[in-house]
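Undergrad: First the structure, which I've put down as structure tokens, then a few questions once you've had a look.
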């Protein structure tokens with residue numbers, strides 16, 4: 001008891017630690033409910049969770065699989081998180097990711113004569129620009145007409161996926177039955193981090209962007225303005241910040257980062273643009289941002305967790321014959337629990353300090 | 001050109017649009033009740049999906065599609081109750097909770113489908129509701145082509161929307177719901193239990209969305225397939241906004257969206273030389289245009305999305 005009391009006082013002083021504890025408890029609770037579901041469906045819980053863990057971290061190949069699944073989630077999660085910082089809910093990550101991937105592939109193919117040192121950055125920047133421009137439209141509509149970004153960005157997902165598919169089929173399709181572009185040149189491919197895996201240094205780029213965004217939010221005036229608008233747009237306007245302008249910029253940044261998720265998928269994993277390639281990275285990014293409490297480094301931790309759940313879920317399905325959709329249930333539960341710190345508090349009867357998710361204000 | 005126009009604005013297209021309006025209008029009315037009481041309900045999508053699944057489950061185990069319909073409303077209501085507990089009791093952010101609920105519903109329905117029927121894509125075929133014809137409507141020339149023979153849930157939808165409008169605007173309960181969403185402090189001062197009102201409104205929104213889901217799985221098709229709701233919950237919320245937080249307005253907006261969708265399908269069949277992808281975009285583009293144009297004039301409930309704690 002003395003230990004718990006000590007821990008309790010320590011947490012009251014440190015809301016960062018409190019948030020970490022909340023998130024940890026939310027994950028544990030979701031996994032417990034998952035265990036109950038596994039048990040009810042007639043499977044062995046220990047065996048299931050053994051394969052979940054083994055599939056995620058068991059050996060260097062599995063670890064590489066986890067990191068591979070983590071990479072796009074770092075970008076899409078960060079995209080949602082930066083939007084949240086100024087009170088914007090960007091659900092359009094999926095459409096922005098498709099534009100990013102599409103333009104990246106086209107640019108890499110069109111300028112294939114260039115050496116890799118120029119071609120790779122050029123392709124990445126084009127992908128980011130494409131995602132950013134696509135997201136600026138709902139941002140602008142929100143700022144000018146008040147059209148709720150939640151609905152417009154969702155509509156823009158459908159429109160973006162259809163538009164890239166249209167352009168692909170009519171102008172850029174490679175010969176063959178599959179709707180895909182030609183392969184990008186080898187010089188545009190990202191180098192492997194671990195030999196014989198598909199893990200490339202895209203993940204390093206992800207961590208670097210996390211660092212940049214963290215710096216932007218903490219140390220620049222744009223970062224301050226952005227958070228001021230998120231906290232109270234009216235007050236920000238009084239202080240001389242153009243809330244409308246900030247909304248458009250934030251949305252653009254958010255979309256650019258989501259676009260990079262598509263870029264790195266094309267340059268590192270797929271080596272071409274293929275229709276319907278994303279299993280919903282844009283949507284999982286929302287979950288990642290929520291779990292990471294919209295803090296850049298929190299996003300990294302959450303992306304790792306979700307990457308592990310995806311990779312481990314696959315091995316659980318393969319070896320223990322438990323549908324990996326169970327891990328989707330766990331993800332949904334984690335979001336619900338993280339969104340309601342008060343719920344975790346009551347369930348655990350463990351009142352800690354800190355403001356919780358910071359989303360309720 | 002004439003041919004195209006007559007083909008688009010035909011009675012067949014309109015009848016198809018009425019069919020497609022049904023799940024949208026029901027969920028849009030769900031959104032109306034929830035938002036009128038102050039709760040943003042992005043979770044409509046998950047509630048529709050749960051309803052669609054529960055409908056098939058009920059029909060599969062009892063052989064009676066009407067038990068499926070009942071179960072669909074209950075399942076939607078239960079999901080909504082979960083949503084309500086988190087947003088009202090534990091003061092969770094409405095939008096985040098709604099997204100969590102949608103992911104939960106997608107995972108749970110797909111997982112259950114695999115556990116029960118061993119397939120991830122779709123459920124076995126079950127007994128659906130079929131169509132019925134109303135004797136009175138069958139004798140009026142144009143109405144006959146539009147409404148003469150439809151799924152019973154289509155007729156139920158019209159009745160429910162009118163009943164919902166009466167409930168919201170012509171009864172004391174409706175006044176309380178609207179007051180809770182506009183000014184919870186004032187409602188509280190008058191002795192209205194705002195939380196009870198919100199629980200009622202949110203659970204009602206889930207039951208309505210669940211019915212909408214049942215129309216998808218038992219009215220339109222006779223099975224459940226993965227992610228069957230396919231974004232209808234979000235579109236319903238847009239229809240609710242465009243319909244000015246009014247069940248009748250929501251019905252009108254839903255019909256507009258569905259009509260565009262029906263036209264889109266019709267145009268794809270005509271081989272106009274326009275790419276299908278472009279035609280398929282029409283309903284989504286319309287939603288964006290309508291939202292950008294309509295929100296300027298409309299005013300959401302004042303206390304929408306806020307948490308209110310009684311000071312007593």
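Backbone N, Cα and C define each Cβ position, glycine as well.
So TrEMBL has the following annotated:
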TRANSMEM  A:20-42  transmembrane segment
TRANSMEM  A:71-91  transmembrane segment
TRANSMEM  A:97-130  transmembrane segment
TRANSMEM  A:150-168  transmembrane segment
TRANSMEM  A:199-217  transmembrane segment
TRANSMEM  A:238-261  transmembrane segment
TRANSMEM  A:273-292  transmembrane segment
TRANSMEM  A:299-320  transmembrane segment
TRANSMEM  A:326-347  transmembrane segment
Undergrad: Select the range from A:199-217, A:238-261, A:273-292, A:299-320, A:326-347 that forms the most Cβ-Cβ pairs under 8 Å with the transmembrane segment (A:150-168).
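TA: If we count Cβ pairs closer than 8 Å to the transmembrane segment (A:150-168), A:273-292 scores highest.
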Undergrad: Taking contact to mean three or more C-beta pairs under 8 angstroms, with sequence separation of 6 or more, is the transmembrane segment (A:71-91) in contact with the transmembrane segment (A:326-347)?
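TA: Answer no, regions not in contact.
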Undergrad: Please give the sequence-distant neighbours of the transmembrane segment (A:326-347): residues at least 6 beyond its ends with Cβ less than 8 Å from one of its Cβ atoms.
TA: 22-23, 25-27, 29-31, 33-34, 37-38, 52, 284, 286-287, 290-291, 293, 306, 309-310, 312-313, 316, 356-357, 359
Undergrad: Give residue numbers and ranges for long-range contacts of the transmembrane segment (A:97-130): same chain, 6 or more residues beyond its ends, CB-CB under 8 A.
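TA: Beyond its ends, the transmembrane segment (A:97-130) has Cβ neighbours at 72, 76, 160-161, 163-164, 167-168, 172, 181-182, 184-185, 187-188, 190, 205, 256-267, 270, 272-273, 277-278, 281-282.
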Undergrad: Counting only residues 6+ away from its ends, which parts of the chain sit with a Cβ under 8 Å from the transmembrane segment (A:238-261)?
TA: 72-73, 75-76, 78-80, 82-83, 85-86, 88, 90, 92-93, 96-97, 99-101, 103, 124, 127-136, 138-140, 142-144, 149, 205, 209, 213, 222, 225-226, 228-229, 281-282, 285
